[in-house]
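Visitor: Mind having a look at this structure? Questions to follow.
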Amino acid sequence: MLLFVCLFALLSSSSSHAADFCVAKLKGAGNPAGYACRMPSKVTVDDFVFTGLGVAGNTTNIISAAVTPAFVQQFPGVNGLGLSMARLDLAPAGVIPMHTHPGASEALFVVQGMITAGFISSSANTVYVKTLKKGDVMVFPRGLLHFQINDGGINAVAVVSFSDPDPGLQITDFAFFANNLSSELLEKSTFLDDAQVKKLKKVLGGTG
């Protein structure tokens, strides 16, 4: 009985000192644990509100798509809460290319149009693909390669949520071809020929 009382007192004491929130102090450097907390006296209600997801992104680009993030860098109130959001806009035939989020799982909710989405497992390279319509939800496990394509004739819109305030992003095509990794090494490591590698580097702005 005494042990139970002591444990209850300890837990009550710990919880009473837990912070309600940790609005990000973005002027400092972030780290895997998140950003430092802003002083509560400097926090306002606007730190917990993000209005950008109501505005369509500009899809006039090479992928005919746009991502409007509400990550910790844009939405400091999510720091430490284990979540963030984004809006996807895809023009007809627009694509969010194969990519990963090293820090988070993702849930996608289709607001408008049709989106073909899929991911590839890391264990057996199994492909999971589905054409989603308005109202459908699909999840993408943390760190796995995945993509979204607008397969309809109208603009598609989706809202996505992530299990981390800073999910991270690495787009496979840009990781391969938008840097200065030599064409020779890319050809050896991807089995692409010289002409294909140089074409992709030219399109995506790579050198080497």
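The backbone N, Cα and C atoms fix where each Cβ goes, and this holds for glycine too.
Curation plays no part in TrEMBL annotations; they are all automatic predictions.
Just lifted these from TrEMBL, have a look:
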- 1-18: signal peptide (SIGNAL)
- Cys22-Cys37: disulfide bond (DISULFID)
- 51-198: domain 'Cupin type-1' (DOMAIN)
- His99, His101, Glu106, His146: Mn(2+) binding site (BINDING)
- His101, Glu106: oxalate binding site (BINDING)
Visitor: To which of the binding-site residues His99, His101 does the lowest count of other Cβ atoms within 10 Å belong?
Guide: His99
Visitor: Between His99 (Mn(2+) binding site) and Cys22 (disulfide bond), find the distance joining the two CA atoms and give it rounded to the nearest Å.
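Guide: So the alpha carbons of His99 (Mn(2+) binding site) and Cys22 (disulfide bond) sit roughly 29 Å from each other.
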Visitor: Other than His99, His101, Glu106, His146 themselves, what residues in this chain have Cβ atoms within 8 Å of the centroid of the Mn(2+) site's Cβ atoms?
Guide: Thr100, Phe119, Phe140, Leu144, Leu145, Pro167, Leu169
Visitor: Using Cβ atoms only, which residues of the same chain lie under 8 Å from Cys37 (disulfide bond) while being at least 6 residues apart in sequence?
Guide: Ala19, Cys22, Val23, Ala24, Lys25, Asn79, Gly80
Visitor: With DSSP helix as H/G/I and strand as E/B, how many residues of the domain 'Cupin type-1' (51-198) fall in helix, strand and coil?
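Guide: Split by secondary structure, the domain 'Cupin type-1' (51-198) comes out as 25 helix, 56 strand, 67 coil.
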Visitor: Name, in the order they occur in the sequence, the residues of the same chain whose CB lies under 8 A from the CB of His146 (Mn(2+) binding site) and which sit 6 or more residues away.
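Guide: Listed in sequence order: Met98, His99, Thr100, Glu106, Ala117, Gly118, Phe119, Ile120, Phe140.
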Visitor: For a quick check of packing: other C-beta atoms within 10 Å of the C-beta of Cys22 (disulfide bond), how many?
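Guide: Cys22 (disulfide bond): 20 neighbouring Cβ atoms within 10 Å.
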